Ligand SMILES: NC(=O)c1ccc[n+]([C@@H]2O[C@H](COP(=O)([O-])OP(=O)(O)OC[C@H]3O[C@@H](n4cnc5c(N)ncnc54)[C@H](OP(=O)(O)O)[C@@H]3O)[C@@H](O)[C@H]2O)c1
């Protein structure tokens, strides 16, 4: 693996602290950082090289819910040797001259910086300044190496602003240099959906309108917005997780088999689903948990959604008339993210008249917690009579007898970017298709329904699905539980 410089704009950000720094430590531990590779953090305040290393140490040792394992001294020392810090203001040209000089100096000291990955862990308002200066100082020039840019969701706040940001990006970088990161795509459980569907022959023939009654996707959290009010109150649940994570989950669960396992083919199939999605602005419900208005940095009469539920259709031959029900929210009953495929009950089912005989079969992709893939089927209850009972056939990551290593999504995605693999990143057209679907739903927000903390959202969300004679499935927390 060729050496390179990873330049993180915003090394003091919340994102860097909870995700990037722990991921870099894990990569150092797994030997995924090539010799000579350097990490250059930037932020405004001055920090000596020692203070910067202390900062890394503190981040790794602080109670970090995403990184609860021992910090080994030899790994930390390896990481420290790679660390550099350049301070300055991202909207000031002088900073980029300083950065360029620093990179030249590093190269002169045997740390080649011709290959560069820029990571934007800072405010979107600064992107235009960053790109302009990166260009002005030739930092995006690919002469004897590669230059890549990693950029976080959200890409824009609606279709128009996303198009503007994509055009801005394309003014300074080519599409094959841009790594738009939605960390859900780096989740083992999401990637496993592709393996499960396309690596086996027995399930895929059932994933279509002939066998599927409907699809449900839930992304629930049992906690509130915490101290993120300043960000969250401007964005809301639908734009925070619906526009990206949940639509990508749907794409993974419903896309056609790619012609090959390549970035282009996989992205193309995800995109086809996103473009075939039909928004139904009259079929969306927004909610806000009681007590939200008392949260820190929330507007007094905020109409921000902390919950949404909607129905949609995928307008293609495979899924025509199969409704998809999607919901997500904060302060709900459980923290759980899953996709459930609910199968039709065949006309000729033999045991229809028995108790449970009209229960459908379910296929659940449990994204978190207790990650796995679960089929709910009816089996014979042992005994002299013919009686049915629902049983599960589970594949559970936690029960893996091989104790495979389970990489964090950020670790995986940074490693992919180093290898130059964009398969699990979004391209411009995907992001735009997602906004084209979400904008009409977002614009339909005329009323926001209050709901109690610890519930499954407002009753209007139940009515949304119950008028179709269906029900939200209560996530089964016993699935894959050890
Ligand atoms: N936080 C998350 O969990 C999360 C999740 C998904 C995506 N994201 C995305 O990740 C990005 C970062 O978000 P965040 O919430 O982590 O940000 P944040 O905590 O507010 O941090 C912002 C970073 O930018 C730096 N910065 C701000 N203004 C600057 C300036 N004028 N010059 C130089 N540096 C400046 C700050 O450094 P100093 O103030 O120390 O100078 C800090 O390191 C955003 O695009 C966000 O949408 C974040």
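Heads up, the Cβ atoms here are built off N, Cα and C, so glycines get one too.
Going by what TrEMBL states, the substrate site holds 183, 187, 221, 330, and the candidate of 158, 240, 256, 317 recorded there is 240. Ligand 1 lies within reach of 44 from the binding-site residues 44, 183, 187, 221, 240, judged by a C-beta closer than 6 angstroms to any of its atoms.
The closest partner of residue 221 (substrate binding site) among the recorded positions, by CA position, is 245; the full candidate set was 44, 153, 245.
Take 183, 187, 221, 240, 330, the residues named in the record as contacts for substrate: the widest Cα to Cα gap among them comes to 21 Å. When pLDDT is averaged over the domain 'Glucose-6-phosphate dehydrogenase C-terminal' (194-472), the result is 96.
Neighbours of residue 240 (substrate binding site), defined as other CB atoms within 10 A of its CB across all chains, total 22. Cα-Cα distance from residue 245 (active site, proton acceptor) to residue 153 (NADP(+) binding site): 10 Å (rounded to the nearest whole number).
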